[in-house]
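Residues or ranges marked as domain 'C2' in TrEMBL: 1-101, 177-297, 330-466, 1071-1201, 1233-1362, 1482-1602, 1682-1832. Look at TrEMBL and you will find 127-193, 924-944, 1892-1911 tagged as region 'Disordered'. Here TrEMBL flags 146-155 as compositional bias 'Acidic residues'. According to TrEMBL, the feature compositional bias 'Basic residues' maps to 180-192. As annotated by TrEMBL, coiled coil applies to 708-745. Marked as compositional bias 'Basic and acidic residues' by TrEMBL: 1892-1903. Positions annotated as transmembrane segment by TrEMBL: 1939-1961.
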Amino acid sequence: MLRVVVESAKGLPKKKVGSPDPITSVIFKDEKKKTKSIDSEVNPVWNEVLEFDLKGTPLDSSSFIDVIVKDYETIGKDKFLGSTKISLRDLASGHAKSLPSKNVPLVNENGQNIGASIDLVIGYDPPAGAIPNPNDSQAGDATVDAGEEGDETVPDGDPSGGGTAGGPSPSGQHVNLRQKLARSAKNRRRLANKPQDFQIRVRIIEARQLPGNNIKPVVKVNVCGQTHRTRIKRGNNPFFDEMFFYNVNMLPSDLFEQNISFRIYNSYSLRADSLMGEFKVPSHCVMRKWLLLNDPEESSSGAKGYLKVTLFVVGAGDEPPVENRESNDDQDDIENNLLLPAGVTLRWATLSLKVFRAEDIPQMDDAFVQSLKGIFGGDENKKNLVDPFLEARFAGKKLCTQIIEKNANPEWNQVLNLQVKFPSMCERIKLTVFDWDRVTGNDAVGTTYLNLAKIASSGGEVEANTGESEVGFLPVFGPCYVNLYGSPREFTGLPDPYEDLNLGKGDGVAYRGRILVELSTKLEGKADKAVDGIPNDDILVVQKYQRRRKYCLCAVFHSASMIQEPGEPIQFEVSIGNYGNKLDTTCKPLASTTQYSCAVFDGNHYYYLPWAGTKPVVVVNSFWEDISHRLDAVNIILYITNHLQSNLEVFKTAVLAKVSDNQLVEVWLKLLNQLIEDLESFPTPELEGRPNLTSLDIQLKKLRDSALNTIKEGAKRMREEAREIKETLTDLESWLDKLKQLAEEPQNSLPDVIIWMLRGEKRVAYSRIPAHQILFSTYSEQACGQHCGKMQTVFLQYPMDKAKGSKVPVQIRVNMWLGLSAHEKKFNSFSEGTFSVFAELYENQAKVFGKWGTTGLVGRHKYSDVTGKLKLKQEYFMPPRGWEWEEDWFIDPEKALLTEADAGHTEFMDEVFQNETRFPGGEWKAASEPFTDVNGEKSRNPGEFECPPGWMWEDEWTVDDNRAVDDQGWEYGVTIPPDDKPRSWVSAEKVYHVHRRRRLVRPRKRAAVPAGSAAEGWEFSSLIGWKFHQKERSSDTFRRRRWRRKMAPEDRLGASAIFQLEGALVSYECQSNVFESTQSHTHMTSYMYHLRVYIYQARNLASMDKDSFSDPYAHISFLHVSKTTEKLQATLNPTWDQTLIFNDVQIYGDPQSIASRPPDVVMEFYDHDQVGKDELLGRSVCRPMVKLNPGMEQTPRLLWHPIIQKGQRAGEALVAAELILKDKSGETDLPLVPPKRAENLYMVPQGIRPVVQLTAVEILAWGLRNMKPFQLASVSSPSLVVECGGQRVESAVIKNMKKSPNFPTSVLFIKVLLPKDEMYTPPIVLKVIDHRPFGRKPVVGQCTITSLEEFRCDPYVITAEGAMSSKMALMAATPSKHLSINMEETRPLLEAQEKETVDWWSKFYASTGDQEKCGPYLKKGYDTLKVYDSDLESVPEFKGLTDFCDTFKLLRGKNESGDDDPTVVGEFKGSFKVYPLSDDPGVAAPPRQFRELPESGPQECLVRIYVVRAIDLQPKDNNGRCDPYIKISLGKKSIDDQDHYLPNTTSPVFGRMFEMTCFLPQDKDLKISVYDYDLLSRDEKVGETVIDLENRFLSRYNSYCGLPQTYCITGINQWRDQLKPSQILDNLARLKGLSRPRTEDNGTSLTFNGKEYTLAEFEGTKEIHQHLGPPRERLCLHVLRTQGLVPEHVETRTLYSTFQPNLSQVRRLDFPTFDETSITGEHMSDIYVKGWMPGMEEDKQKTDVHYRSLDGDGNFNWRFVFEFEYLPAEQLCLVSKKEHFWSLDKTEFRIPPKLIIQIWDNDKFSLDDYLGMVELDLRNLVPPAKTPEKCSLKMIDDVEMGTPHKMEQAKSLFAQQSVNGWWPCFIEQEGNRALGGKVEMTLEIVSEADVDERPAGKGRDEPNMNPKLDPPKRPETSFFWFTNPCKTMKFIVWRRFKWLFLGLLILLIVVLFVAILLYSLPNYISMKIVKPNV
């Protein structure tokens, strides 16, 4: 599949007049697809997905697409605007899964750029059968990656996570991929919707291209209200690599609605605008993806940097996904790995929700004030006691409509504009109607949701082979009513116990009203107001969507059974919406309830309602919109779905039963043919001309038709192409899921039909039935609901049932029909029997002075309704239209309400208590009330009891002494005033006893019922309003009797006349009289049936007793009869082998309809308890096979039916049932009676019971482990009991569990008759019995092995399993001494000529395929490891290391906490072999399977544990870190490595080896725990892993020491096993019973097991290196590696997260020297350079200052020296430092090696000015320019953007050792980078070993060498003015102001001259005047 997302275009040329209407066409291989046109837009946004089906052909490197943009013209040809061609080479090669093409220029016909560009994203899903390009190393993984990562991130708007759910099953080379995906889909368990524990893990890896200068970024992550922040970093590309854990307990549905917020702040900034960027993502799995950050306030601001994260959610028992950390992460093309390009595809959208009105809002406020108004003559109106408003919530935003007071039908007419980003992470809009309260909090009326996934579509989930691209659409809904459900409508002033239902928590039990809404979505642009009014035009338009049609609903109740207790009379109410609600006073009364009936006993267990041949009918007329065009489509799709589901069940059963291939193909073909025929025959109805059409209807029609067509085509292809039938099951199930999804109708405004069971006036239980299931349609038979006019069995449920259905309130069989009144005549064809309606009234009389009459009727009328309050007369009644009187008035007593205690019983015991009293110490005399009932109330003398009609006495009155009484039957008590009877009784007489009594009983039995009826039909009551009884008593003062008159429908109307009764109700109300009528559906005939239920066995039942077992029995209910199986003792897998026969079952109705929908057989399984009530184990339902002709050949087949308890599977029952119609002549044709096993216990007959075969079961009972105490005493002397198929065998007793927990004799054998069919095989049950003093043998543990398939074997195939006798001698143990070795100190030295990088790490990375990190290791031909990403036991080829014996968990009883999960109390080590035996005793028995067993006694062993590394430990400290250390326990010994704890890390490198001794099997469990060290508090356990050493020791896979690839005697791969390969091969031959291997030709050839091996065939192509050992040992090792033994490996064990064994070898490297630097900067700057490495900011270094750089150059000869530890394998720096000054320990960090250089201007009296910076990644170095002229910012941009042809220029400094050149420095100016200068540096890497040889000091300090740095040749102008005043005068003052100075000097001289002249001139003049001659 090729998907092209046409996003937008920019700068399209304008037309001469106006703007173009652009439309885009995409052409791929002559297939053309178009977008929609956008009106008048030069910058159009399409955001459309165009899909091209590749038809199984993969892309090749020459593939391309043509994109053409045209101006759409309504008339004429579209005008060409521009085009472009895009190559798909990168997609074809598998390098990328998507190709974002941004700002692609468009060209005209001549190839000239038109100045416009287009944005596209091209996605590619390779066909499943595509063969990858062999020249491309990554292409082979492309399809696998696409499949595996499909679940991680969902493409925008595509809720299905993939596009091929409905696609065919392709047959190709990647079948294993499909199996893998199918397996992962199956393993993905569905989460129960209950609060549970989750852990959200978030890893912040790094950020890139963050904006700003000299920033200090910090990331804050907010999850579910918890916030964590990273450490503060420096620079624009910080590396964090920090992990956060969030533990929550909540509903899964709530969790996945939570958003995870990532925000990056600049911690350097104190301003409010320190937020740099944000991204929100839902709680889904995201693995190492880039998030594009943007400003949440400014949507158009563009990218604010990128953040790389990993996040996932794990539940209890989940394995966290493994992060794939590639080495080239830093060279990622960010654009290709964006999770969701937030600035491009996420755009602002406005969800406009128009809220028009609401209806039927129930009363929510107290009616006290309204009642006062009614008293004082006001208008009492309870209906409007509600003040509603609507609240809409979406994506954390909330908007509300206005409040409309006192109105149950408010009209808001408002639009709510929700501003969201689309596609949104949230899926549902929550709509809640609240009742506003002035004082208290607002009360929720009801809640509903608009699910965006159902009202929008990306189009990606449908393969539009037709080229139709308009399948996707934005969210749109309505105008349509949405129904609200919640708690019952009846208002009460008390707190509502079901209030949570109104908030949408749980399944609503009643209709709460409806709201009319419309939703539309607009991209771009913001609404002016969040809440606005709706224009009048829109209100008028929506009127047509409110047109109502009359609907008629008829429900015929056939039976109500399985009632728990009799209690008050019961009636049923049927309502649809607000119509039919009996108890809500605001609702109109209708004939919506059945008559009250009292439940009678079914003779065994339950009660039922005795309707017999008169079935109650309920009729409800209602008015709703006609939405048949929606529901017809739903019902047609459901019809197809049900066909597919039933056929799929048959197919699955056939697979399970392992039928022959031909039969399986037949079933499969029938399924496919039926599916194709259904899809072709039953299209969804056309929408043209239908009323109430909305745009969503049209879009859904397209979507459904397209999806159905895809399934049809896929089914046709599957039928033709599929090769492996069983593999198609996944596709078939996905089609079934897709059909169910398509059948969901979001715009279903027809409310559900709700059936309530009422006891008296109290609601007890309910059931909600979707209206479309019973809706009649004239479109086609398939468009009718699946239960329309058909019988259905409904189990009612309690509201908010905490027991989750463990008790069934009632099971009803009901026939319902719903249709338009225009179609009511169609009802006649669905009805059975005749309808009749009775008018009824009651005649009342009172007893005054011993006489009955009407005079004492206080407040009552002579004739009234059933309540006695309404006066009626017979002449008031007239038949309604369509009905006529059939009979006259007659007396008809209400028998259903007069049931006595013996009703329903075939046997009954009359009882009476004889009472006597005395004074203390006196004689006993008759009491004042000599005879009472059990409660002490007065009763009759035994002689006065008469046998009722229809009964006969069985015996005389006798004293009941089977109670706690003395030998004469008396019990004694003391009367304490004010009581006149004792409250408690005892059986022994004391002197102080004053009262005694004894029970007299007399049994009677049901006889034939006498003819005749009740006398006058009176019912009696002691007082008015009390309960009535049938027989008159002396205290009675009131009586009544019922009169009835029958009506029948007129012939022309038939049964549909039942719908006319509503009019009768109305017409009689006008006369202020109520017309009391009861509808009854009277069948003409009843039929007798014979039922047989064959219950053979059950398995996997829950354990309910403390002894680990249950005592199960089954209770079988069928309609009004029930029976119970025998009770079995102490088993969870009972085999009853019993037939329950129900001889005469009377069922009313047409036998054909019974055959199509027979009543269900309900089986309830109980645990029998001697004391207390029996506990329910679960319930199962079986549909009987109906035989209308007893001579039918067909026999029922036993099938497994699931047993359900509290909504969870709780076992399975093997059951079948058949219902046979009895001939009226008698039972002659019935099947033969099955053979009896005991009195009234019939077995399952031959032909139905499974066929059995004599089978041998061999049991290897090796031993018991970890047995927990039972009843506070340890298990010391246990034995094992094995039960299978009714046979039992017990092992010998283990004398002392502590010394030797193995059984003395290990092999047990039983012969048993087992079914040939694996489907029926009974389980093997293991019981462990402890032999205790005084003969006590309690069961201390049990285990059930359900499937024997894996243990079946061919007894004549000799296997070597168990041939382990010599193994113990091969492994000698060392002395008992604990060692602890640091692995780093004992690292073997390498050869001198080998590079230091070839070490164990090289071996490890070579094994993982990471060739960049392993260096030259592979080229040398060295060994590689086998790296397992799981524990060794999980590797499939080693079978869990259980080849010798399996480990079975022993369980015990019910959990103490009451949880369902039983407790694990120990383990059984053993195995089984099952094989058939011949029935002929003359045939010799096959050889036994378990032979040559090893010694079972204790064995001393030496254990070495290498704990290398842990990753992602859960933090235990407040700083988000922990201080882990290792603790190891083995038996009673333990090693605590607390002294070597590693501070402040969640990924510690331990590198520790521990050595311990132990005795197997006692000390078999090795526990490796990680603890968090705390200085003050107690150390916390982080987690642990347990290794079963015994399995590794006994396994034949050599799992105690792995085999390397080659035998080396030196080097890093030196042989380390205690035995040489030749010795191991000899032992293997001995274990397998083979001859010893023979070697020839100096060990270069070898013969083993009849096959010859040569060294050349193993080492012919391999490089021979100097470390290899002798040829013979090498060849033996190669042969061993062909035997399937465990190789040398690294295993990963789970510990909350995973242990990853990695050795860290740390190297110390000194970092670079700096030479000359020159700056091009502003004039007169005091320049200096600052440098540091991230993570080592405290080692920040500065040059001296180049003062007064006048020409822009700065000269430094300065050396920066940075010491750091570098891990070459990981290419990271290891930094250890204290996080805070108060921290006790240093924290280790792993940080990429980077160098940051900054240029500053030195200011003494203000902050220094920042001039620019450059950040250099030493692994991926920006190549320097050789001259300053070639140095530009483009060098940095090329590396960051990953320009392909520039990538090879990037070099690693660690490879080059030394680099010299010019690098550009940049500064941010107005969001853009500007050149801030150029710096010349020499970078040099110096290893730790070379530091001493080539020392160098910092700056120009000593030792100033390597190289020697002379002081820089700076101009004389470079000095600091404060310290050099002379130079300051010379170079600053004089040079610049010399002419000024000279001018001033001359001026001064002149001024002085003038001044002196002026000063001396007067004196001179006067002198001349006075003495002219002087």
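Heads up, the Cβ atoms here are built off N, Cα and C, so glycines get one too.
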Segment-segment contact (the domain 'C2' (1071-1201); the domain 'C2' (177-297)) at 3 or more Cβ pairs under 8 Å: no
Per-state residue totals over the region 'Disordered' (924-944) - DSSP helix, strand, coil: 3 helix, 9 strand, 9 coil
Helix-strand-coil residue split for the domain 'C2' (1482-1602), DSSP-based: 9 helix, 53 strand, 59 coil
Chain residues in Cβ proximity to the transmembrane segment (1939-1961) (below 8 Å; excluding those fewer than six residues from its ends, i.e. six or more beyond): none
Structural state census, the compositional bias 'Basic and acidic residues' (1892-1903) (DSSP three-state): 0 helix, 0 strand, 12 coil
Summary of DSSP states over the domain 'C2' (1-101), given as helix, strand and coil counts: 5 helix, 49 strand, 47 coil
The domain 'C2' (1233-1362), counted residue by residue under DSSP: helix, strand, coil: 9 helix, 57 strand, 64 coil
The domain 'C2' (177-297), counted residue by residue under DSSP: helix, strand, coil: 18 helix, 60 strand, 43 coil
Model confidence over the domain 'C2' (1071-1201) (mean pLDDT, whole number): 82
